[in-house]
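J.: The structure under discussion is supplied below as structure tokens; questions concerning it will follow.
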Amino acid sequence: MSAEIKGSTQVKAGLAQMLKGGVIMDVVNAEQARIAEAAGACAVMALERVPADIRAQGGVARMSDPSMIKEIQAAVSIPVMAKVRIGHFVEAQILESIGVDYIDESEVLTPADDINHIEKSKFTVPFVCGSRNLGEALRRISEGAAMIRTKGEAGTGDVVEAVRHTRQMQGELRRVKSMSPDELYTYAKEIAAPIDLVKECAQLGRLPVVNFAAGGVATPADAALMMQLGCDGVFVGSGIFLSGDPAKRARAIVRAVTHYNDPKILAEVSENLGAAMVGRSVSSLEEKEKLATRGW
């Protein structure tokens, strides 16, 4: 790896580190973006439909209109992220050209390539990608991802899959930390991950990039749960702006992530939030409805 590429990778991972301990909120217009910023969000994710609406409306979900993203960029001073379809490197080129701060190669959108993910190391802008386990996370990092998030099951309001993916990841990290050098080679082959990244995880006891929770986080308690399980921050999608009082819920989730180990504050911020999003239990989804299975 050349020094130039390595430096770029380090810079991008460093930019993602700056979001650690924060909440990233899905927004569909400038007004929502301003609400998110006022509530204390560390970044916003600009998209035309939140995941719950993508589920309900069906059809092909694509990159958002660049003009909408530009309106959100103009409305706030915090970083603006946007989603592209898995494998759609031209959508990524477009988003980079308009100056988005991070790109999410997202399973929430309809995949453009069912075999290949984007070669993210070619881009200057940092990428975030979803994963269900250590193998998926390290494959995305090897492609150039600067940030990982759980896939969870977006648009459901059910946190169970995000919990499952986080516990899976933490368990695998504990396992590699206890392995001998020769066992690491075998395990790297088993999970189809580069050995240098597996070794780095063994040394660090964690991923070499930040790892956020995403998919089904709908309440302050959900957010605090994911932080206590070891996540570095939280993405909240449909759970805020499909709830009864979005501004209050947004503030509450930000405080919950900051004070995730303080039950008294968590109780305080959980009071009188209005109705949570109705949601849908993951157990009621048919296999074809599950978004987390997209990608490899």
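We number each residue from 1, going along the chain as drawn.
Quick reminder: no glycine exception, Cβ is built from N, Cα and C everywhere.
Not my notes, these are from Swiss-Prot:
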BINDING   ASP26, GLY155, GLY216, GLY237, SER238  D-ribose 5-phosphate binding site
ACT_SITE  LYS83  active site, schiff-base intermediate with D-ribose 5-phosphate
BINDING   ARG167  D-glyceraldehyde 3-phosphate binding site
MOD_RES   SER178  phosphoserine
MOD_RES   SER180  phosphoserine
MOD_RES   SER283  phosphoserine
J.: Whole-number Å only: compute the distance from the Cα of SER180 (phosphoserine) to the Cα of ARG167 (D-glyceraldehyde 3-phosphate binding site).
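T.: With the alpha carbons as reference points, the distance is 22 Å.
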J.: Taking Cα atoms as reference points, which of the recorded positions LYS83, ARG167, SER178 is nearest to GLY237 (D-ribose 5-phosphate binding site)?
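T.: Nearest candidate: LYS83.
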J.: Fewest other CB within 10 angstroms, which one of the recorded positions LYS83, ARG167?
T.: ARG167
J.: Of the recorded positions listed here (LYS83, ARG167, SER178), which is spatially closest to ASP26 (D-ribose 5-phosphate binding site) when Cα positions are compared?
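T.: Its closest listed neighbour, by Cα, is LYS83.
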J.: Per DSSP, LYS83 (active site, schiff-base intermediate with D-ribose 5-phosphate) is which: helix, strand or coil?
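T.: Reduced to three states, the DSSP call for LYS83 (active site, schiff-base intermediate with D-ribose 5-phosphate) is strand.
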J.: Please tell me which one of the recorded positions listed here (LYS83, ARG167, SER178) sits closest to GLY216 (D-ribose 5-phosphate binding site), measuring Cα to Cα?
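T.: Among LYS83, ARG167, SER178, ARG167.
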J.: Between the Cα atoms of SER178 (phosphoserine) and ARG167 (D-glyceraldehyde 3-phosphate binding site), find the distance and write it as a whole number of Å.
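T.: About 17 Å separate the Cα atoms of these two residues.
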J.: Would you mind reading off the Cα separation of SER238 (D-ribose 5-phosphate binding site) from LYS83 (active site, schiff-base intermediate with D-ribose 5-phosphate), to the nearest angstrom?
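T.: With the alpha carbons as reference points, the distance is 15 Å.
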